[in-house]
Amino acid sequence: MARDIDRRLVAAGRGARRGLTAAIALGFAAGIAVIVQAFVLARIVSALVFRHVALGAVRDDLVALGVLFVVRAGLSFGAEVAAHRAAASVKLSLRRLLLDHLFALGPHYAAGERSADLAATALEGIEALEPYLARYLPQMALVAMVPLAVLAVVLRFDWISALILVVSGPIIPLFMVFIGYRAEAINQRQWRQLLVMSAHFLDAVQGITTLKLFGRARDEIALIGRISDDYRRVTMAGLRVAFLTSAALEFFASLSIALVAVLFGARLIHGDIAFFPAFFVLLLVPEFFLPLRGLATHYHARMNALAAARRLFDVLDTVPMVRWGDAAVPAGAISIGCAGLVVDYGLGAPVLRGIDCVFPAGSLTAIVGRSGAGKSSLAAAMLGFVAPASGGVVVNGAPLDTLDRAAWWRCLAYVPQAPRLFAGSIADNLRLARPDAAAPAMLAALARAGLRDVVMALPGGLDAMIGDGGAGLSGGQVQRLALARAFLKDAPVLILDEATAHLDLETEAELTAAIGDLVRGRTAIVIAHRLATVRHADRILVLDAGRIVESGTHAALLALGGVYAALIGSGSVDAAASCAI
Ligand SMILES: Nc1ncnc2c1ncn2[C@@H]1O[C@H](COP(=O)(O)OP(=O)(O)OP(=O)(O)O)[C@@H](O)[C@H]1O
C-alpha cells in the first residue's frame, strides 16, 4: 500500500522532472566537490605537518580549497533551490488537480464530506509533500550515487576501510525498513487525528453562536482539548520513533568512523600506511554516511507525506457520479427538458420518481411542493450536481451528460436559498459572476437588485469589506447581493431557489420586484416560496413525493382544487412559505 502511494507520488514528481534532475545533478556535483576538497585538505595538512614546507608552497592548494568551498556552497544552494522549485510546482499542480476533481465530484460530494477535512487535505496535506519531494526524493537518488563515488575513491587508497564501509553502509537502509512499519502506523494515526482536530475546530468556530445559546461551549472546548491532547500524544510518539531512529543510526555511523580511525591509528604506529592516504580516507568516511543519514532524517518526512497523500489520493480516486462530455451547448434560446428523470440518493426510495417536463425557452416556470418533495433535487439534476439513476435532462435536444461542464455553467445563473458570500469586498463577491466587470456594470446590477444605495452608504462603497458568509450584511441584503450577481452574469438560464426566511414586508416586496426583473426574457426556473412569484409564473409544476402531480397556471390550478389549491389554502403567504409557496 505504502509502495503504491510512493509510486504515485513519484509519478506526481515527474511533472517537475527537470527541476528534480537538476537538484540531483547539483547535489551529486556537490558530493564530488567534497571529495576533491578532502583531497586538497589532506594534501595541505600532509605537506605542512609532515614535510614541514613553508605556507607559501601550498598557496595554490589553499586557493583551490577556498574556491572549492565556495563552489560546493553554490552547488548545494542551487540543489536546494531547484528541489524546492520542483516541489512547489508539483504542489501547485496537485492542488489544481484536487480542486478540479472536487468540482467534478460536485457540491453534493463536498457537502457529504467534512469541509475542514477537505481543506486540511488541500492545505496541510499537500504541504506535507514538500519535504518528500524536495528532500526525500533527491536524497534517494544521491544515496545511490555519492556513497558509491566515495567508496570507489576509498577503495583506491585503502581496501580495509572500503571493506568496513561496504559492511556497515547497508545497515542504515536495512534498519530504516525495519522501523518503517512502526513509523507508518504512527504517522497514519497522527494524520487522522489532525483531520479530526481541524474538523472539530472549524465546526466549533462556525457554530459558536449555537453552542453558546445551548450552553455547550464549555463541553466543546473540553472536547477540543481532549482531541488536541490525543494529537499531542501521537505526535510525541512519532517524534520518539524519529529521534530513536536518528540516535541508532548516528551510533552505527559513528561506530564505523571510529573503527576506521582506530585501525588507521594502529597502522600509522606500525608504519603500515602513510599519513596522506589515511587522513584523506578519514576525511571521506563521514561523507560516505552523510547521504545515508540524510535519508534517515527525511524518512520521517516520507512517512508523513504518505499518510497525507493517502487521504489526497482517496479523494482523487473517487469517481464522479455526474458524467460530462465536451459538446457545446446547442445554439439558440435555451429550453430544458426532463425525460423519465429518476434521482436516488440510496436512501431506500428514489427522491424523484420519473419526472417528465419541459422548461420552455424564455418562460418562467415555478416549482412548488411540500418540504422534502424533491424540488431542490430537480434543480440539482438540471445544474448537473447529481447524476440521474435513470432518464435524464436535455438541453435544446442535447443530453446534459454530453455537454461540456464549463460551457453549461456559463449559460446558467444559480441563486440558492442560502447564497454563499466570501470574505472580501462587495466587488470581489460580485466579480465571481463576471471577473472582468467594471464598477458601472456592478453598480447597475446592484441597482437592479435594489442594493445600490445600501452599498454606496457603506464606507468604501463597492470596496467595503464583508465577512465570511456575508457577515456585516442582513439576510435580505445577502439575498439581494446574490441576485445582483445573477444580474451581472446575465446568463440565458436562471435557476433560483427562493429564500424561505421570513423577511419584513418592505424587503419582501423589493425582492419580489427584483426577481420579477431578473427572470424577464430568460428561461427561468424558480423554486417558489412567494405567492407573487407563483402568480406571475407562466406555468407551475406541483411536486409531491418525487412526482409531478399537477401543472398549469395559478388560476387553472386553483380551479382544479387539488394539491396546489390545498397548499394555497393552508394559510397566508407567510404560513404557506413553510410548505414552499
Ligand atoms: N445530497 C443528498 N443526499 C442524500 N439525501 C438527500 C440529499 N439532498 C436531498 N436529500 C433528500 O431528498 C429528499 C428531497 O430533498 P429536496 O431538498 O430535493 O426537497 P425539497 O422539496 O427541495 O425540500 P425543501 O423545500 O425543504 O428544501 C429529502 O428527503 C432529503 O432528505
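Cβ coordinates come from backbone N, Cα and C, glycine included.
Automated prediction, rather than curation, is the source of TrEMBL annotations.
Listed features, source TrEMBL:
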DOMAIN    22-304  domain 'ABC transmembrane type-1'
DOMAIN    336-570  domain 'ABC transporter'
TRANSMEM  20-42  transmembrane segment
TRANSMEM  62-83  transmembrane segment
TRANSMEM  136-154  transmembrane segment
TRANSMEM  160-181  transmembrane segment
TRANSMEM  241-267  transmembrane segment
TRANSMEM  273-292  transmembrane segment
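Below 8 angstroms of C-beta separation, residues 160-161, 164-165, 168-169, 171-172, 175-176, 179, 182-183, 186, 273, 278, 281-282, 285-286, 289, 292-293, 296-297, 299-300 of the same chain, each at least six residues beyond the ends of the transmembrane segment (241-267), sit close to that stretch. Cβ atoms under 8 Å from those of the transmembrane segment (20-42) belong to residues 13, 61, 64-65, 68-69, 71-72, 75-76, 78-80, 82-83, 86, 133-134, 137-138, 141-142, 145-146, 149-150, 153, 276, 279-280, 283-284, 287, 291 of the same chain, restricted to positions at least 6 beyond its ends. Per-residue confidence over the domain 'ABC transporter' (336-570) averages out at a pLDDT of 87.
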